[in-house]
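Step one of this worksheet: look at the structure below.
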Amino acid sequence: MSKAGASLATCYGPVSADVIAKAENIRLLILDVDGVLSDGLIYMGNNGEELKAFNVRDGYGIRCALTSDIEVAIITGRKAKLVEDRCATLGITHLYQGQSNKLIAFSDLLEKLAIAPENVAYVGDDLIDWPVMEKVGLSVAVADAHPLLIPRADYVTRIAGGRGAVREVCDLLLLAQGKLDEAKGQSI
């Protein structure tokens, strides 16, 4: 893969050598919630409770990343108890909710974990995510992201947000780091 323009065939389609090289160095994966971990729809109950659907495959990918020494964090603009519960279930300990300026949480994570920006991947779906995405080593937009975000990302998933896009990114990171086979048979 040393040739310029070379790519690696994956089960999701070809991935450029440049993206693979960036993915090799990722030690922290940061995720948005609405439109990334969920499909972006919010269901409101009669008593004001919020409901969102989370993809089990995304959860498995997150667990595999965590057990492969890749930290996972969430930075989201909204605040919801069910996101706290989902993080607890998956073992995500870095959760920043209600963040209208995601750069503040991003800076806090870098300092807390002593990680350089080039060792961070960020998955987003909308323009609120761009300020962080332009600072990380690997910026990822989900397939159904805002049209202005897609051309700015290093990698665009083939799968839509909430439908397995996070699993695709986790698999990409694990593949690039030679850890994908270690994930077989794990339980969440």
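Glycine too: its Cβ is placed from the backbone N, Cα and C atoms.
What Swiss-Prot records for D32, D34, D125 is Mg(2+) binding site. The 10 Å shell around the Cβ of D125 (Mg(2+) binding site) contains 29 further Cβ atoms across the protein chains shown.
Sequence annotations record features per position, and here Swiss-Prot assigns substrate binding site to D34, N55, V56, R57, D58, G59, R63, R78, R86, K102. For the recorded site, R86 (substrate binding site), the DSSP three-state label reads helix.
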Residue, out of the binding-site residues D32, D34, D58, whose Cβ gathers the largest set of other Cβ atoms within 10 Å: D32
Extra residues within 8 Å (Cβ to Cβ centroid of D32, D34, D125), Mg(2+): V33, G35, V36, L37, S38, G40, T76, G124, D126, D129, V142, G161
